[in-house]
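Record features, source Swiss-Prot:
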BINDING   CYS377, CYS380, CYS383, CYS426  [4Fe-4S] cluster 1 binding site
BINDING   CYS387, CYS416, CYS419, CYS422  [4Fe-4S] cluster 2 binding site
COMPBIAS  658-676  compositional bias 'Low complexity'
COMPBIAS  677-692  compositional bias 'Polar residues'
DOMAIN    369-397  domain '4Fe-4S ferredoxin-type 1'
DOMAIN    407-436  domain '4Fe-4S ferredoxin-type 2'
REGION    537-559  region 'Disordered'
REGION    568-587  region 'Disordered'
REGION    593-699  region 'Disordered'
Amino acid sequence: MLKLFSAFKKNKIWDFNGGIHPPEMKSQSNGTPLRQVPLAQRFVMPLKQHIGAEGELCVSVGDHVLRGQPLTRGRGKMLPIHAPTSGTVVAIAPHSTAHPSALAELSVIIDADGEDRWIERDGWLDYRNHSREELIARIHQFGVAGLGGAGFPTGVKLQGGGDKIETLIINAAECEPYITADDRLMQDCAAQVVEGIRILAHILQPREVLIGIEDNKPQAISMLRAVLADSHDISLRVIPTKYPSGGAKQLTYILTGKQVPHGGRSSDIGVLMQNVGTAYAVKRAVIDGEPITERVVTLTGEAVSRPGNVWARLGTPVKHLLTDAGFCPSADQMVIMGGPLMGFTLPWLDVPVVKITNCLLAPSASELGEPQEEQGCIRCSSCADACPADLLPQQLYWFSKGQQHDKATAHNIADCIECGACAWVCPSNIPLVQYFRQEKAEIAAIRQEERRAAEAKARFEARQARLEREKAARLERHKKAAVQPAEKDKDAIAAALARVKEKQTQATQPIIIKAGERPDNSAIIAAREARKAQARAKQAQILQADESPSTADPRKAAVEAAIARAKARKQEQQAVTDTSANETVDPRKAAVEAAIARAKARKQQQQASANTSANETVDPRKAAVEAAIARAKARKQEQQAAANTSDNETVDPRKAAVEAAIARAKARKQQQQAAANTSDNETVEPRNTTAANGEEVVDPRKAAIAAAIARAQAKKAAQQKVVNED
């Protein structure tokens, strides 16, 4: 009795809520064996054919590749892709891929050479002798991903399961209408599928292995039972046909009675699920040493004349496959990648086949019927009754339409498997799945932005904390440096303290002077003398910096004196010109102007003499010569004036007075220059010296007296001229 109860419990299955029973339409394609399709001329291999990031390119344009050669490197969760045939890489550029929006992905474009040569294949026939890690790494590097539609990397999934997997489920339900790829694969390759299942079981070491298959596949069921006849480690469970029993959560509940928690994974309850096609790809990767370069694709629909299942190379354009199946497009023909409920319409037919492509549906207009106009929701709750995830599609519809993301998240929109059952039963023809897909995409974008903001905030806070730590450490170092002086400063500080202590000691000691003795002030006197000497030296430096160079050139001094004389002469001439311009000029004004001219000339003469006196060593002979020359010039001017007066019977007395004043000014200027030159000489030559021209040089005092006499004579001559003229 106990054994009977255990057997009953072992074969027990559960039923999930909701679900629908649409027309299956599988008989169009499941009746013919798998066939090969002729190679296309060009293959387009998108770098990303799975969930996760794309791999790193390892080929370049112009490279010749063989079938199975890696085109990218897979690291971490990145899955590599492999060349579907031998040929030449002609381009690496973005190309439209299998996506509802026909997004462009970076792709490797290969022109086939028609030889279809493989790389060297190294199969592991004795895979049981390899470790679990080695098998997982081989599966990952050979590009195996979930072929049931999700495209999750199989190696990553196996690695994440770890040792907590108790039940391995092989999904052979294939519940969506029209699709028969897994059905035909089990019929034609049942033994290889089972071998792949055993490899997965060897890696995971589960307590039980279950194959779930719907009862609408009798040929596949019979083939599997024949292969599993002598096997007791794998159980085949036949379940009722119901859509979507092939969903991961739904099939898990049907076979085990366990429900995957909201937001969780099946591995959380000890269950891991793989697809039939994935098991077949694992077998070819491990035992045959062949990377995944092709998969089974269903070509069906009334628009194709030869429906069936084919081995389609990855990267083959959809148009090439449909043409091989006898595609006869109508005016408004559509092609759906996937099934009628979960698939999407292709915008054009040059989209390549990828790892998740399981069906290409080309229906006629009669198959799909006339498009129905979307109407308002009547809240009939039919969608809620049909939902296999126990959600409220009508509420999610309102939240999605109203952009109420928080409420949609609170109502578990993430648990929606997008099976399309709600849209199938909706009497208002509302495309609920499209609303839900868009809402989930918007929520994902918001979450990604929040993650980026959180990461940026974390980086900023970490930077601020680091700066605070560095600042605190810097202040601490400064404090330690201030409290603890350096070793080289300790000696200086000690010496200073010793000097201060010595001074304090000396200040406290009394000064004792014995009777009859004088205090010893020699140190004080020496310090005073040193300060005086320092002050004198400083004053001498200041004076030396202020005065002109000690050794000036005498020629420059003479030039400056000549310039001063020229300026005085010019001013006198201007005065004479101004005086002659006026017919009636006051003699007093003329005398005043002459006096002003004499003052200016005297000032310029003094400046010139000052510049000349800067010379330390001036030859006194030259000074005497210059004085004699000045006297001669004055005498000559007086004679010229007398001659001019005698020639002119009528001479203006004013002009004569001006000329006399000019002569006196010149004589005085020359006298001052001679006196300045003579006074600057420290050592004067003997008074009676002979100049270069042979004239006798006179003492400067005598020269001054002679100049005065000359002035008196000139004045007397001028007065006499005035009297004679009157």
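For all residues, glycine too, the Cβ spot is worked out from N, Cα and C.
Of the listed binding-site residues, namely CYS377, CYS387, CYS416, CYS419, CYS422, the sparsest CB environment within 10 A is found at CYS377.
Taking CYS387, CYS416, CYS419 as the binding-site residues under consideration, the smallest Cα distance to CYS426 ([4Fe-4S] cluster 1 binding site) is found for CYS387. Each of the binding-site residues CYS383, CYS426 was scored by the number of other CB atoms within 10 A of its CB, and the lowest score belongs to CYS426. The [4Fe-4S] cluster 2 site is set by CYS387, CYS416, CYS419, CYS422; from the centre of their CB atoms, other residues of the chain with a CB within 8 Å are GLY18, CYS383, ALA386, PRO388, ALA389, LEU391, PRO393, ILE417, GLU418, GLY420, ALA421, LEU432, VAL433, PHE436. Taking DSSP states H, G and I as helix and E and B as strand, the domain '4Fe-4S ferredoxin-type 1' (369-397) has 10 helix, 0 strand, 19 coil.
Surrounding the centroid of the Cβ atoms of CYS377, CYS380, CYS383, CYS426, where the record places [4Fe-4S] cluster 1, the chain contributes additional residues within 8 Å, namely ILE378, ARG379, SER381, SER382, PRO393, GLN394, TYR397, CYS422, VAL425, PRO427, SER428, ILE430, LEU432. Nearest Cα neighbour of CYS383 ([4Fe-4S] cluster 1 binding site) among the listed binding-site residues (CYS416, CYS419, CYS422): CYS422. The two recorded residues CYS380 ([4Fe-4S] cluster 1 binding site) and CYS387 ([4Fe-4S] cluster 2 binding site) have their Cα atoms spaced 13 Å from each other. Residues in the domain '4Fe-4S ferredoxin-type 2' (407-436) partition by DSSP class (helix H, G, I; strand E, B; coil) as 17 helix, 0 strand, 13 coil. Ranking the binding-site residues CYS387, CYS416, CYS419, CYS422 by Cα distance from CYS377 ([4Fe-4S] cluster 1 binding site) puts CYS422 first.
Every protein chain considered, the tally of other Cβ atoms within 10 Å of the Cβ of CYS380 ([4Fe-4S] cluster 1 binding site) stands at 13.
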